[in-house]
Amino acid sequence: MTDLSTPQRAGSHKLPAGRRLRFVTAAALFDGHDASINIMRRILQASGVEVIHLGHNRSVDEVATAALHEDADGVAVSSYQGGHNEYFRYLVDLLRARGGERIKVFGGGGGVIVPEEIAGLERYGVEKIYSPQDGQRLGLQGMIDDMIARCAEGARAAAATGESQVGAWAAEFSEHGLPRFDSRDDVGVDRQGAVARNPSSEASRVAAAGRGDHLDRGVRAASTADTADTANTANTANTANTGSVADAADAADAADAADAADAASTASTASTASTASTASTAGIPDPASLVFRRLAQLISAFETAAIDVNTRDKLSALAEVTAIPLLGITGTGGAGKSSLTDELIRRFRLDYGDALTIAVLAIDPSRRKSGGALLGDRIRMNAIGDWGGGARVYMRSMATREASSEISDSLPDALMLCKAAGFDLIVVETSGIGQGNAAIVPFVDESLYVMTPEFGAASQLEKIDMLDFASFVAINKFDRKGARDALRDVAKQVQRNRADFAKSPEAMPVFGTIASRFNDDGVTALYRHVAEALRKHGLRSGGGRLAAPEDLRFSSGRNAIVPPARVRYLADIAQTIHAYRERADAQARLARERWQLIEARRMLVETGEAARSTVATSASPGASASSKANACTSTSSKANASPGANTTANSNASATSGTATPTDALNPTLSQLDTLITQRTASLGERERILLDTWPEIVAAYSGTEHIVRVRDREIRTALTVATLSGSEVRKVSLPKFVDHGEILRWLMLDNLPGYFPFTAGVFPFRRENEDPTRMFAGEGDPQRTNRRFKLLSEGMPAKRLSTAFDSVTLYGEEPHERPDIYGKVGNSGVSVATLDDMKTLYDGFDLCAPETSVSMTINGPAPTILAMFFNVAIDQQIARTTQRQGRPLTEDELAATRRTALENVRGTVQADILKEDQGQNTCIFSTEFSLKVMGDIQAYFVEHGVRNFYSVSISGYHIAEAGANPISQLAYTLANGFTYVEAYLARGMSIDDFAPNLSFFFSNGMDPEYTVLGRVARRIWAVAMRERYGANERSQKLKYHVQTSGRSLHAQEIDFNDIRTTLQALIAIYDNCNSLHTNAFDEAITTPTEESVRRAVAIQLIINREWGLAKNQNPNQGSFVIEELTDLVEEAVLAEFDRLTERGGVLGAMETGYQRGRIQDESMLYEHRKHDGSYPIVGVNTFLSAHPHEAPQPIALARSTDDEKQSQLQRLRAFQAQHRDAAPAALERLKRAVIDDENVFAVLMDVVRVCSLGQITHALFEVGGQYRRNM
C-alpha cells in the first residue's frame, strides 16, 4: 500500500518545522515567452515548493508586490525580450525599499543575457541569472535544486533572526493594534499617518529608506541603456546611495577599475532617464502596502506556529472589535471561481469609488506526494492592483498542506489577522470541492457556491451539500449548452432544500454568470445581491456608482462568435477531407479499371482475336478509342502526354458510349469490354473526367521551351527550362511519367502541378522571376533608425518587401515611459511606434500604394490601432501626391476618391491573430471576445472599402512553434484558428469570397522532418475545405503563407552554427514554394541582429535562389516517396487533432480549458528534457562539443537602443499629445461609445489615431472592452 500520510518531497533541504518554500514565478514585462518559466514552475512544484505563478507580461511592481504580499522566499523571472538590466535592477531596488531584502531574485533569458550582463546583475544583488551553459551543466532539475538550496539557506538564516522579530511585531501589535485601515475617513488621505502610529516599527524604517536616495539611485541606474551592465558596481553592499562619481570609486574595491569607470559614467548620465515622480510612486510604500507586508509575514509566522499562545489570544480579541463581513466562495474545480472572484472585486471597487479595502485569501490544494502546490488564483486577478490611489486589495495565496479539506488549517489565523488589520471586506476562495464538501460555511457570513451547467442528471443536485448552505449559487460559464435548463433545475433544488415554496424558483438566489465576459450583466446582478447581503454584516453603506441592471438573474444573450449549430465545424472539415480522399481513391480506381479495360480491348484487337471483323477499326468508335489509346501508350513519352482522356472526351461517340457495331455484336468479348468501359466512364465524376481530358493539353503546354498564357489579348511567356554550365536543360516544372490513368487521376486530385487545385505543390504556376520571396524582419530603436534599416535591406531590390518588428512596449499597446522596466525596453528588439507621426517617419520614402511595395506588420493585441495608423499614412501619402500633382487643394469628392484608391491599392499584411496569442505568444491585451469582435470589424471594413490587396490577418503558427509546439501541433492549431475566423466572419453575414482572400498564414520551419511538408499539407487541407465545404471560389481556395526560419533552433552556444540550421530550413521552405521567407540572423539567439548578420541572413536566401542548382526547378518535392508519405501522415495527424479540438467545443472551447496551451507546454518540456539529456542531438550544444569550451567566445556586437533614441521617443510622444490635447478627450469618448453601441470600432479608430497616441487608445479600450485574463 502507498503511504499518503507524509509528503515525499523531491528536495531534501532541511527547513524549520512547518516551513515551506514559496516562489513567485513570472515572465518579465512586455514578454510573452513563458514556455521556460512554465517548465520551471512545474519542476519547482514537483520539488515541494509552493508556487505563485503570475504568468507573462508582469511589471516589476506586480512581481515585487506579489512577492511581498505572499511572503515569498524567491522570485524567478524569465526575460527574453531585452531590457533585462533595467528590469532586474529595478526589481532588486523595489524589494529592498519595501522590506523584502531577504527575498532572493533569480532570472534567465537564454542567450539574450550575455555573460558580462549576468556578472553585472549578480553583483548588483540578483541572486543568480542562469545561462545556457548553466542549463547544460546542471540540467533543468539541477537548476531548480540550486534555487531551492539557496532559498532554503536563506530561510534557515531568517528563522534564526527574522522570526523573533516577527514575534516582536506580533506582540507589539497585540498590545497597540495593527495599523488599521480607516476607510471611513477616506483611505489614502494621510499616507504617513499609519506609519507614524508605530514609529519604532520596521515599517517606519522601510518607509524612511524608501523616501531617501536608495531607490532614486536605483531608478536612475536601472533607467540607463542596456550598455550599463557594468555599472552595477555602484550598488555593491551599502554603497552608491547617491549615484555619484565618488560612489563608483568606492565600488572599485568590489570590482575592477574599468567597472568603476563605467559606473561613474553611468551615474553621471543616467539621471536623464528617471523622474522624481517615478521614485516617489514606485519606491515609497504607501501605508496600506506596509501593512500588507507585515500582514504577510505574520500569516507565515502563524503557519509555522512561531507566535506564542498569549499573543495569539490578544490578537484574536483585537480582531473581534469591529464587525467585518466575510464572503466565502467555493465550488467545483474548473468552474471559474477565480475569474468570478476577480469580477466581484472589480465591481466592489467600481461601485464604491475604490474606497474599500479588501483582503482575498485564496486556497489551492497541495500535492500529497511532493508537498508542493500550484497557487494559481493570483494569475487570474486583474482587479487587485493599485488603481492610482494606493493599495486597496491584499491577496494571500494559501496551500491546504496537511489539511484534509478544501481549506487550509491556517485559515482561522489568517482571517483573524485580516480582521485585526481592519479591512472593509474579506473574501475567501477555497480550492475545488466535491459534492459532500461545505467546510467554508462556518468561517464566513455569506457563502457563494460556483458551479457549471455540466453537473449531470438533476438527481445529482440532491447530493451537493453546498446547495443546502450556500447563500448564493452561481452557474458560471452560462454560455454553455444547457445552461438555461441547469438554472431551472438548480433553482428548483434550492427551493426544495429551503422548503421555500412561497416563492417561485425564479426568486431563488441562483444566478447565471459568464465571468470570462467583460462587464457581464449576470455577474453584475449577482454582485448586487451579494453586496446587499454583506451590508447586513457590517459592509459600509455606499456604492451606487454601478448602473443597476435590469431585473434579471442570468447573463443576457449575445451573438456567439461561432454559432452553436456550427460548433462542430472542425470535425465537419475533417470529415470533408476524408471524404475527398476516399473519393480520390475511388475515382482513381475507376480510372485505372477503365484504362485497363481500354488497354485490354486494344490488345485483343491488335493480336487478331477480332481479326474476323471486316469493319476497319477506324470506323468503329470503340476501335477509335482503342487506337487513340494505343497512340498514347506506344512510347513512354507519348503515354505521358496523353493519358487516354481522349476516350473520355469522345465517350459519347466511341466504344465507351456503349454503341456497338454489328461486327462487335458478333464478338461477345469486345462487347462485354465495351459495356464495362461504358459503366466505368459513367461512374467517373464530371470534375474527374475534365481532369483527364485536359491533362494532355497541360502536358503539351509544359513540354516546350516556353509556357504561353493569353490574358485579355496579351501573351504572358515563361521560360520552361534553365541551362546549366554543363549544357543540361533543367525544367522549371517537372511532370510525372505516369501511364496508368488511375495514378494520373489520383495525383491530379491530391497533388497536381503548382497553381492547380488542390494547390499541394503551390498556389501559383511559376515563381516570379524578378522577385525573390525575401521578406526580412527589421525593427530597432526609434522610427528613424528602422527607416534607415528598411532602405538598406531593400537597396537594389525591384520589390520593396518590408517586414516590421515592433518593440515589446508597442506590442503590448503601451508607449514609452521613464519607469525603468518600461524604459529599458523602448526600441529594443523592435521599433518604438506610439503615434501616427512615428508611423509616418517609419515608412518615409516608400510609396505604400505602389504595386512593388508590400509591408508586413507583426503585431497582434493593438493591431487595430497600428493598422489604422498605417492606413492613414498610406492615405496621407496619396493625398499629398495628388495635391502636388493637381497644384491645388483637393475637393471633398477628390479626397474621398483618393482615400478609396489608396485603400484599394495598399499591399501588405498585419498579423492580428488573437487566437494564437492566447494559445502561444501571449501579446493579448484585451479580452478575447472583444479582440475577436474588432478583428471582425477590420474585415468588415475591408469588404466595405474594397481593400483587396492587404491581408487583414496573418494566421500564425510561428509563435505557437516558438512557444514549444511540435510541427504537427503548430499546423493543426494554426489551420483550426483559420477555420475559426472563417466561421466567425460567416456568422457576421460576410460572404466567403469577400473575406477569404484577405486571410494569410505564417509558419515556422524547423529541423524536424514534418516541416518539409508543412506547406503542402496546409494548402491541400485549406483548398479542399474551401471548395468542398464552403463553396469558395479559386482565389479563396489558395492558401498563401510566409515562412520564418525557427528562432527556437538558434542557440547561444557555438553561435556560428546557427547559419547552417537556417540554411537548411530556408532550403525546404523554398522547395515547398512558400510565398515569402524570412531567414533569421545567426546572432538572434542573443541580440537584435546587426547589419552584418542580417546581410548574411539575406545571403542565405540569395545563394539558394540564385546559385543552388536544384532550386532552379520549382517543384523538386513532387515525386519523392518520403515526401508523399510524410504529406499523408501529417495530414492525418492534423485531422485527428481537429477531432480532439471538436471534442472540447472547437477552438474557443478548447482555449477555455487551456487545452492548446497545455499541449504546447508538454511538447516544450519534452524538447527541453531531451535537449538536456542529449537524446535529441544538437550539434555544439549537447554533441560535437568544442575541445576548448572554456576559451573566451568571440565578442558579439549587442544591438541596443540608445538613450538618445529613447529620449527622442519620449519627446515626440509628449509633443504629439500636447499638440492634440484639446481634441483627444472627445475622440476617446467617441471611441468608447462606438464599443458600447456595437459600432464598427475600426472605422472609428481610423479617425481617432489622428489625435490620440497608442497608450491613450489602449487604456480607453480597456475601460469598455476589458483586459485579457491570463491562463495558467
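Glycine is treated like the rest: Cβ placed from N, Cα and C.
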Out of Arg714, Arg801, Arg819, Arg881, which one does Swiss-Prot list together with Phe766, Arg907, Tyr951, Ser1000, Arg1035, Lys1040 for substrate? Arg801
From the ranges 614-667, 1154-1207, pick the one that Swiss-Prot records as region 'Disordered'. 614-667
Quick one: which of Asp377, Asp413, Asp445 does Swiss-Prot put in the Mg(2+) 2 site with Ile363, Asp364, Glu429, Thr430? Asp377
The Mg(2+) 1 site in Swiss-Prot includes Asp377, Glu429. Which of Ser338, Ser339, Ser404, Ser459 is also listed there? Ser338
Cross-ref Swiss-Prot: GTP site Gly334, Ala335, Gly336, Lys337, Ser338, Ser339, Asn476, Lys477, Phe478, Asp479, Glu1152, Asn1271; candidate in list Arg294, Arg380, Arg1230 matching that site is Arg380
Nearest to Thr430 (Mg(2+) 2 binding site) by C-alpha distance, among the binding-site residues Gly336, Asp479, Arg1035, is Gly336
Across all the protein chains here, work out how many other Cβ atoms are within 10 Å of the Cβ of Arg801 (substrate binding site). 24
If you count Cβ atoms within 10 Å of the Cβ of Arg380 (GTP binding site), leaving out that atom itself, what do you get? 20
Going by DSSP, is Asp479 (GTP binding site) part of a helix, a strand, or coil? coil
Among the binding-site residues Phe766, Tyr951, point out the residue whose Cβ has the most other Cβ atoms within 10 Å, with all shown protein chains included in the count. Tyr951
Let me check the 10 A CB neighbour count of Asp364 (Mg(2+) 2 binding site). How many other CB atoms are there? 25
In angstrom units, rounded to an integer, how far apart are the Cα atoms of Ile363 (Mg(2+) 2 binding site) and Ser1000 (substrate binding site)? 44
Lys1040 (substrate binding site) CB neighbourhood, other CB atoms within 10 A: 20
If we count other C-beta atoms within 10 Å, could you say which of the binding-site residues Ser338, Ser1000 has the fewest? Ser338
Looking only at the domain 'B12-binding' (20-158), what are its DSSP counts of helix, strand and coil residues? 76 helix, 29 strand, 34 coil
Listed in sequence order, residues not in Ser338, Asp377, Glu429 with Cβ within 8 Å of the centre of the Mg(2+) 1 site Cβ atoms: Ile329, Lys337, Thr341, Asp342, Val360, Ala362, Asp364, Gly376, Arg378, Arg380, Met381
